[in-house]
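Here is what TrEMBL records for this protein:
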ACT_SITE  B:D77  active site
ACT_SITE  B:E148  active site
BINDING   B:E73, B:D145, B:E148  Mg(2+) binding site
DOMAIN    B:26-159  domain 'RNase III'
DOMAIN    B:186-254  domain 'DRBM'
Number of protein chains: 2
Amino acid sequence: MPLALTRTVFHPILNFFRLSSRLESKKKLSRSIAHIIGERPSNLRLYQLALRHTSASKETNIKGFRESNERLEYLGDAVLGMVIAEFLFKKYPYKDEGFLTEIRSRIVNRETLNQISRKIGLDDLIEYDGSRGRTMPARTSMYGDALEALVGAVYLDKGFNFTRRFVLKELLTHYDLEALVQTNANYKSRLIEWAQREGKEVRFEIIQEKGNSHYREFIAQVTVNDEPFTTGSGYSKKKAEQAAAEKAFELLQIK
Amino acid sequence: MPLALTRTVFHPILNFFRLSSRLESKKKLSRSIAHIIGERPSNLRLYQLALRHTSASKETNIKGFRESNERLEYLGDAVLGMVIAEFLFKKYPYKDEGFLTEIRSRIVNRETLNQISRKIGLDDLIEYDGSRGRTMPARTSMYGDALEALVGAVYLDKGFNFTRRFVLKELLTHYDLEALVQTNANYKSRLIEWAQREGKEVRFEIIQEKGNSHYREFIAQVTVNDEPFTTGSGYSKKKAEQAAAEKAFELLQIK
């Protein structure tokens, strides 16, 4: 790199400051991560990557391959899912797998992960659009995605046992598990409650029904004030309605 | 248990044989498991449970709770998913998370897990309907389910590192990973190929299209010889068609 060399020669002091400020920001990130996970990172690069949103992805030497936290998110999602699967398996020895699956999906729900990500201060560290901070709109999965990516980074950096402890002690403690278990997952009845509260009229209709003796499928439609809103499909009328109501819920962002 | 006591008194020899045959079958199971996982089980009960299909589930002291391998299957599914996630993450450092997710889902595909379960001899050990053996119809997920449950049992019995090695060395070696990666996941084109081979006429139609600017959904229908066969929905026409074609595939059991 002849240009860089020239620079070093001509601006040794400027270069020194540049280098030391980069070192300073690395040290700061290392301290922040240590604060979150309870131990100094061994490989800081993993955490830098975990905090890099797609919008700030970087070119690599591989043509067409840009680097962001998405691969680490994929890994962290699997690690998180497994640690929580074991936790619930042991906590509820007499509950069936349907219950365990449902509660786990509530725990790793995107909105909940977003909240926890903010609680532990990860939102301040995310790099996106070239800048760091929290001016992004609240309705994004960016924070939760970064949290999953962080779990992936911790796993690669510190191994399974450390990560398992981190998830159980630093993340799961933010949950009100009892409230989560009690939550009403009946989207149809919750949507009706919402409509009553808001003075809207909600209707459910089965708009299609297909199949033969081996295979049966229903499509339900939700209308809000007589306007078609969402549809959902399922192998029973009830399931189709629940699917349509759940989509309506997501769209309406009902809390 | 006065009856059992009486029995002991009246038939000491019969009782001795009963006990020793139960011990013998435990020893045999322990040897079989050791052969599969590469180490003697420490807690044989876990493996007995992993091999107990719902049809042979047992009453417990908890009212309404019957014990079978379904909870262990839930746990093993998560462990398997995570080990394979890490394996693919490291094997393909320049592939994006979409690729990794797709390949993983092909690896843990029910039909593939069934095959591997049979390859390692798990099918001979499964307890169902009160009897052991392999007279069940081939088209069942019983074998793959038991394999996942086995992974769950190994994890609880031997810990994470042992299980990780077991999955990588004893299960993943049965895969032709290159072939798996090359597999054509385009269900629409595969369904058309199938129709040509079988002399049938397959058509794809978008039968519904809904939504507003924030939300758009399509429903595609597959007809075989002019008969409605399956439908699928998606946020684009292409996705809806793929979903419908994939369902048709499952129904037709095209290999």
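Backbone N, Cα and C define each Cβ position, glycine as well.
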State the count of C-beta atoms found within 10 angstroms of the C-beta of B:E148 (active site), not counting that atom itself. 27
Excluding B:E73, B:D145, B:E148 themselves, which residues in that chain have a Cβ inside 8 Å of the centre of the Cβ atoms defining the Mg(2+) site? B:N69, B:E70, B:L72, B:Y74, B:G76, B:D77, B:S141, B:G144, B:A146, B:L147, B:A149, B:G152
Chain A interface subset of recorded positions B:E73, B:D145, B:E148, CB distance under 8 A, sequence order, none if empty, is B:E73
B:D145 (Mg(2+) binding site) and B:D77 (active site), compared by Cα position, are separated in whole Å by 9
Cβ neighbours of B:D145 (Mg(2+) binding site) where a neighbour is any other Cβ within 10 Å: 25
What number of additional C-beta atoms lies within 10 angstroms of the C-beta atom of B:E73 (Mg(2+) binding site)? 24
